[in-house]
Amino acid sequence: MSDDTVTPMMAQYLEIKAQHPGAILFYRMGDFYEMFFEDAALAAEALDIALTKRGKHKGEDIAMCGVPIHAAEGYLLTLIRKGFRVAIAEQMEDPAEAKKRGSKSVVRREVVRLVTPGTLTEDSLLEARRHNFLCAFAEIRDEAALAWADISTGEFSVTPCPLPRLLPELARLAPRELLVADERPLDWIEEVGCALTPLARASFDSASAEKRLCTLFGVGTLDSFGNFTRPELSAMGALVDYLDLTQRGKLPLLRPPVREVAGGTVQIDAATRRNLEITQALTGGREGSLLSAVDRTVTAPGARLLERRLSSPSRDLGLIHDRLAAVSWLTDEPRLREDLRASLRRVPDMDRALSRLALDRAGPRDMAAIRAGLTQAEAIAGRMPADAPSLLAETLEALRGHENLVDLLDQALVAEPPLLVRDGGFIAPGFDDDLDETRRLRDEGRGVIASMQAGFIETTGIQSLKIKHNNVLGYFIEVTSTHAEKMLSPPLSESFIHRQTTAGQVRFTTVALSELETRILNAGNRALELEKMHFAALRTAILDQAGAIGRAARALAEVDLIAAFADLAVAEDWTEPQVDDSRAFAIEAGRHPVVERALRRTGTPFVANDCDLSKAETPAVWLITGPNMAGKSTFLRQNALIALLAQAGSFVPARRAHIGLVSQIFSRVGASDDLARGRSTFMVEMVETAAILNQADDRALVILDEIGRGTATWDGLSIAWATLEHLHDTNRCRALFATHYHEMTALAGKLTGVENATVSVKEWQGEVIFLHEVRRGAADRSYGVQVARLAGLPASVIERARTVLDALESGERESGPRRQALIDDLPLFRAAPPPPAPAAPPKASQVEERLRAIQPDDLSPREALKLLYDLRALLP
């Protein structure tokens with residue numbers, strides 16, 4: 001065969017690959033998925049597996065690599081996480097069937113699934129405690145919408161979304177994949193933060209989208225689901241079209257779409273989410289985030305619901321009150337709370353099991369998960385008293401009424417079923433008499449094998465003779481090579497038929513063994529076919545009740561979250577916040593939940609602080625001054641997080657909290673260069689500040705830290721001053737504004753809504769002690785040089801800094817020509833003095849001398865008390 005001749009198998013591969021140019025093709029060949037050409041080179045590098053070759057094409061070697069079927073999911077996960085899409089081409093017939101069409105016929109193969117980041121369903125490919133959203137963005141003239149779905153759970157929603165709101169919405173949902181029309185300019189692609197998939201404009205056609213959705217949900221009109229705009233229909237239709245493409249016609253079990261109205265949740269932009277570390281720490285992981293600090297859920301659906309609540313705090317007062325009332329009730333019911341959590345720990349992920357059943361990717365364990373979840377649902381409903389708050393009482397209907405399905409699954413399934421249908425053995429004995437009889441025949445045949453082996457040993461006199469089985473030879477008789485000559489010679493050779501010789505072993509069969517093997521295989525195959533038939537029937541029975549099962553799963557997640565919030569409140573001594581439609585913001589003894597948790601590990605107590613921005617009908621701004629390291633940023637963040645937690649339906653880390661409904665949370669705390677877009681730290685800071693000033697309404701909560709620090713002093717002061725005035729006069733919102741520009745404290749006397757606050761420090765023998773206490777008033781200095789010394793700057797640098805600082809401060813105290821002369825005579829351009837000699841240790845104070853002379857074990861209680869008074873008298 002010449003190099004240019006394409007084999008039938010390779011011709012089939014190239015044809016399938018041409019239909020999926022943007023994906024790596026997993027091409028099934030027996031027990032392996034093989035990859036060829038460029039796919040092989042890409043996959044071998046990404047998966048760190050060997051790259052080989054197989055034949056030639058157009059004179060060039062064909063690159064090849066492969067992964068075993070049994071380990072394919074792990075390799076798939078690696079490829080998906082590295083940004084690849086994978087098309088899976090399976091063998092659609094047995095090789096024996098292909099040979100009936102001719103000796104050169106190729107096994108028929110088809111792509112059964114296109115695996116992408118937003119279309120995962122297998123547990124091994126998903127994060128159990130996080131959603132896996134697929135989003136679609138559609139624009140029609142001046143309107144736009146965003147639809148999203150998690151096909152692993154069935155959640156399906158849509159919301160109006162003008163382009164300026166797209167990035168904040170994507171930050172809220174954190175999708176794995178975004179679908180856009182292929183003609184859409186992608187100038188914002190680097191900000192999306194997920195895989196971006198362009199689709200043909202036809203996928204976004206709103207007219208065909210409506211028909212597509214009606215077909216999916218089996219309805220004649222979508223009116224019962226909501227009054228959707230054309231962009232909303234377009235976005236939902238594109239999403240469903242993409243699912244049809246990737247799942248090859250096996251659409252997931254999506255719930256009817258929920259239309260989220262604009263303004264239903266607190267608006268939080270991407271920068272604020274990042275700064276507040278709501279679901280992800282600045283280091284990139286979950287640890288160190290608010291989510292990590294407050295997560296006490298015991299089920300995967302409960303954990304996913306918690307993430308959604310923290311990402312989307314509610315603005316619905318009635319809903320907030322219902323959630324808080326349920327949490328409050330469970331804090332007062334410790335025994336019930338622990339019983340509920342004990343039952344919830346036994347609840348599997350029913351949502352994802354149900355989704356796999358709908359997509360025909362499930363195994364017996366998914367059915368067992370449905371059985372276990374519904375069993376616990378009944379148990380939890382039975383524990384819930386009649387006087388439970390409305391939110392918990394509403395779950396009872398969803399948790400009850402599953403007895404018939406649970407009984408069916410109990411009768412049909414063994415207690416611990418295998419993972420895969422092909423493994424068999426998952427249908428319980430006694431469920432089907434025919435299956436039981438077939439299994440008996442199969443198992444008796446295996447018993448006969450043992451008897452036959454004993455007979456062969458007696459006949460041959462070879463004690464090491466064994467009857468074994470593999471997938472190639474079936475059942476065979478094996479002896480070591482030392483006995484080969486005996487077995488191959490008369491009279492044994494007349495009944496023992498030689499099959500195979502390997503290194504060290506020789507294998508034989510007999511007519512009787514072959515006949516027995518046929519009977520065993522027939523019984524085994526029939527038993528497996530009967531089990532597959534029952535699996536299909538059970539799958540249908542489960543999917544017939546998919547709606548009720550989904551409602552039970554969501555009810556269990558709600559109970560889990562309420563119980564988790566209650567457990568958190570009791571364990572951490574959190575308080576129920578008062579949330580109303582006032583403009584109040586009064587926090588007494590508030591704490592930062594993440595920082596407090598971190599300090600507890602070191603045995604360090606957290607210093608709680610008050611915050612009051614409760615000026616009625618007027619803006620309320622605290623202008624906070626104080627040194628670095630004193631805790632200003634922590635104070636700012638903790639108050640934003642307290643507001644967020646309250647509107648998410650949680651108790652809060654404070655002694656008391658009264659929060660008037662917050663519509664938006666904005667945070668400009670910390671900054672870094674955006675090198676990819678050529679933006680400096682100062683530019684990033686200004687862009688984020690501009691977004692706040694342009695968008696914050698009078699119910700927003702804004703926290704700003706060190707505005708203007710990235711430029712020249714007077715420029716920075718001017719920008720910070722004007723920003724604070726704009727917040728006060730135009731936005732008229734509640735705000736915490738931290739600054740090092742002490743000149744700004746004068747605004748407290750000029751703007752009625754501005755008050756000064758400072759973080760206290762104490763100086764002791766030249767040392768700075770940070771008290772982390774916020775009090776009314778202004779700081780008198782910044783202590784920057786002292787902080788630099790604590791950071792470990794060389795003593796010569798610290799001394800030089802003090803010299804410059806003294807000159808600058810004396811210049812500020814002068815005026816007119818004298819001040820200018822001092823500025824001109826600054827020591828900035830003089831030669832620096834030589835490094836000072838190491839300072840002698842300071843002379844011990846009288847208190848220290850007395851303490852060193854004490855032998856505590858020799859003191860009586862009376863002497864110790866007297867000594868304490870003496871030491872107090874020695875203090876200056």
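Numbers here mean position along the shown chain, with the first residue as 1.
Note: Cβ is positioned from N, Cα and C throughout, glycine not excepted.
Checking the ranges 241-268, 325-352, 577-604, 829-856 against Swiss-Prot, the region 'Disordered' annotation falls on 829-856. With every protein chain in view, the residue among the binding-site residues Pro627, Gly631 whose Cβ has the most Cβ partners within 10 Å turns out to be Gly631.
All protein chains included, Gly626 (ATP binding site) registers 28 other Cβ atoms within 10 Å of its own Cβ. According to its DSSP assignment, Gly626 (ATP binding site) is coil.
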